[in-house]
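S.K.: In case it helps, TrEMBL gives these features for our protein:
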- 12-31: transmembrane segment (TRANSMEM)
- 51-73: transmembrane segment (TRANSMEM)
- 82-105: transmembrane segment (TRANSMEM)
- 111-131: transmembrane segment (TRANSMEM)
- 143-164: transmembrane segment (TRANSMEM)
- 170-192: transmembrane segment (TRANSMEM)
- 209-248: region 'Disordered' (REGION)
- 214-223: compositional bias 'Low complexity' (COMPBIAS)
- 233-248: compositional bias 'Low complexity' (COMPBIAS)
- 273-296: transmembrane segment (TRANSMEM)
- 308-330: transmembrane segment (TRANSMEM)
- 342-360: transmembrane segment (TRANSMEM)
- 372-391: transmembrane segment (TRANSMEM)
- 398-421: transmembrane segment (TRANSMEM)
- 433-454: transmembrane segment (TRANSMEM)
């Protein structure tokens, strides 16, 4: 019996099932689409200005402060303790939401929620440390799909409970507390990995998957160096020295930091990767800002105390559209080297139009439609950007670039929050904020449309020159 249990725990199925259960219950939060109506309603009795200008900005600040130390701590502690920390933070978040009152208590809620989002990296990185490379593609699909399903189910369930069963927002939050508590229990049953990407690497790397076996999202199809527009030299192709397992002391920390700096310099030396990363950081900052404050705008257009609220249904449809557009990328045959920047410019312009529509309209249904279009366009482009970066990098460097791009996005988002939203800055009303966000995406669109025109003209001129030389010969 002990042998059988050991075999189960060392197979890829057991940790995949547990981490997927953890991801499902972590994301199964039916109260989340109704956060603003709950805070401004009779349960908490906060004003819209307090929620917008004093409470919600705390999430951005805490997320920025915690992201980098949590990133290093996640790898150093080998994921499981950080997943437990995430569970504790979720439980504290919803306990405070249920039973605490006042602006200060809700700011503490946002701090713990910043901890939750900072620790999400542990969920997505854990599985690669406990399964072999031949299972990467399958487990990646499972881990990401289960969170998508959970988000959709949570939004639909929340909407049904509010609209049909007339369940109060308080009991929706109680349901969420039960779900995140189950996620915390699931984390206890996860096996502790023996390796991690940076601090606890194996002495000998695992063999890459053989022919016909899937590569992970983000695994390289070539050497571990970044493949840019210039051919890397032999030294760049050589594997970088990494700290070995069991040597995760202060010297190992310094060694990892130096290696991360070298890897970042090498990756961003590619103009193509730099372009995709620039859009990633700029657009993600705007996207996070819109998602964080859109419920306040909806509450302005259709106040929850006097109108039916369909936030859950809109979030469910938005999640479905996002997954559909992401899946469609895999079936579109496009030369992204030639047309990628043009796509970034065009769809960023559509994002800008959607946000401006949300600013100028007083109709809640037009506001909902603008949000659906905005989220679908962003999810389409972020999938393309992720793929374009992933195919050129090893798993370690992809994880590093993913984290750094999100860190830059968070810095930009913090600046937007401090200047536009925070009461210590301009403290603009929510409608004017969306005018700013729409203008922000117009700037992003302009940058990449100009860049795409330059790229297309350069390629055409180069092809014309080559053709003329061939004719002359």
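Note: Cβ is positioned from N, Cα and C throughout, glycine not excepted.
Because the structure is a prediction, the values reported are computed rather than measured.
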S.K.: Report, as numbers and ranges, every residue of the chain located at least six residues beyond the transmembrane segment (372-391) whose Cβ falls under 8 Å of a Cβ in that stretch; write 'none' if there are none.
M.R.: 217-221, 272-273, 276-277, 279-280, 283-284, 287, 290-291, 314, 317-318, 321-326, 328-329, 336, 340, 343-344, 347-348, 350-351, 354-355, 358, 398, 401-402
S.K.: Determine which residues of the chain contact the transmembrane segment (170-192) at the Cβ level, with the cut-off under 8 Å and only residues 6 or more beyond its ends counted.
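M.R.: Distant contacts of the transmembrane segment (170-192): 9-10, 14-15, 18-19, 21-26, 28-32, 34, 38, 43, 78-80, 83-84, 86-88, 90-91, 93-95, 97-98, 126, 130, 158, 161-162.
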S.K.: Counting only residues 6+ away from its ends, which parts of the chain sit with a Cβ under 8 Å from the transmembrane segment (12-31)?
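M.R.: Tertiary neighbours of the transmembrane segment (12-31) are 38, 83, 86-87, 90, 94, 97, 123, 126-127, 130-132, 135, 139, 142-143, 146-147, 149-151, 153-155, 157-158, 161, 169, 172-173, 175-176, 179-180, 182-183, 186-187, 189-191, 312.
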S.K.: Pairs 6 or more apart in sequence, C-beta under 8 angstroms, 3 or more of them: is that satisfied by the transmembrane segment (398-421) and the transmembrane segment (82-105)?
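M.R.: Counting Cβ pairs under 8 Å, fewer than 3, so no.
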S.K.: Does the transmembrane segment (51-73) come near the transmembrane segment (111-131), with 3+ Cβ pairs under 8 Å (pairs 6 or more apart)?
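M.R.: The answer is yes, given that the two segments have at least 3 Cβ pairs within the 8 Å cut-off.
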S.K.: Checking distant contacts: for the transmembrane segment (308-330), what same-chain residues at least six beyond its ends satisfy Cβ-Cβ under 8 A?
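M.R.: Residues 30, 32-34, 37, 148, 151-152, 155-160, 162-163, 295, 298, 302, 368, 371-372, 375-380, 383-384, 387 contact the transmembrane segment (308-330) from elsewhere in the chain.
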S.K.: Which sequence-distant residues neighbour the transmembrane segment (342-360)? Criterion: at least 6 residues beyond either end, Cβ under 8 Å.
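M.R.: Distal contacts: 279, 283, 286, 290, 294, 297, 334, 336, 366-367, 369-371, 373-374, 377-378, 380-381, 384-385, 431-432, 434-435, 437-442, 444-452, 456.
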S.K.: For the transmembrane segment (143-164), find every same-chain residue at least 6 residues outside the stretch whose CB is under 8 Å from a CB in it, and list them.
M.R.: 16, 19-20, 23-34, 123-124, 127, 171-172, 175, 308-313, 315-316, 319-320, 323
